[in-house]
Amino acid sequence: MTKPLILASQSPRRKELLDLLQLPYSIIVSEVEEKLNRNFSPEENVQWLAKQKAKAVADLHPHAIVIGADTMVCLDGECLGKPQDQEEAASMLRRLSGRSHSVITAVSIQAENHSETFYDKTEVAFWSLSEEEIWTYIETKEPMDKAGAYGIQGRGALFVKKIDGDYYSVMGLPISKTMRALRHFDIRA
């Protein structure tokens, strides 16, 4: 019998992407506080957070296979989290305007006797944005729950000049790499 699969995330985008695999799974949100370790690189931080999220749920459900994930938007060595308010969202979008940044998504899969954690890094270039474009976007409320204050799968796509890497990773779950990793847990789509 296959072990139950759990997604340890409340992200509607991650749910949407995991649905593409057409596998039965449940959602149990991890209560891990998303604090960064200043001694870690962005890649180390995002992997550490994904692992903590998956482990927190796996510890409560030891007979399940648990997927945890985390995404960070990084510019000039600084990681941009979710904006706290509209002013911070505007500030983030001004910084991203006309520039390239990295989006790093880590996935951690935890099971009783096996675990796997990896990350995917994608480069995204933005067009130059006017103040009007920034504030019109913020008024949609779309940027308020997203790292870097934009969603590539929504109106934020209008800001993207070029993407080099996995689009789905920018959305929050590199689905192809995740499926390949799940094969190591005897799960196939």
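For all residues, glycine too, the Cβ spot is worked out from N, Cα and C.
Sequence-distant contacts (6 or more apart, same chain, Cβ under 8 Å) of ARG13 (site 'Important for substrate specificity') comprise GLY151, GLN153, MET171, GLY172, LEU173. Annotated site 'Important for substrate specificity' per Swiss-Prot: ARG13 (among others), in sequence order, evidence recorded as sequence analysis.
Residues within less than 8 Å, Cβ to Cβ, of ASP70 (active site, proton acceptor) and separated from it by at least 6 positions along the same chain comprise GLU34, VAL46, LEU49, ALA50, LYS53, THR105, ALA106. What Swiss-Prot records for ASP70 is active site, proton acceptor.
Every protein chain considered, the tally of other Cβ atoms within 10 Å of the Cβ of THR71 (site 'Important for substrate specificity') stands at 28. Here Swiss-Prot flags THR71 (among others) as site 'Important for substrate specificity', drawing on sequence analysis.
Long-range Cβ contacts of CYS79 (disulfide bond) within its own chain (separation 6+, distance under 8 Å): LEU36, PRO42, ASN45, MET72, VAL73. The disulfide bond feature in Swiss-Prot is assigned to CYS74-CYS79.
What Swiss-Prot records for GLN153 (among others) is site 'Important for substrate specificity', and it gives sequence analysis as the kind of evidence. Secondary structure from DSSP puts GLN153 (site 'Important for substrate specificity') in coil.
Here CYS74 (disulfide bond) comes close to PRO42, LEU80, HIS101, SER102, VAL103, ILE104: these same-chain residues lie at least six apart in sequence, with C-beta atoms under 8 angstroms from its C-beta. Just so you know, the Cβ of GLN153 (site 'Important for substrate specificity') picks up 18 other Cβ atoms within 10 Å once every protein chain is counted. According to DSSP, ASP70 (active site, proton acceptor) is assigned to a strand segment.
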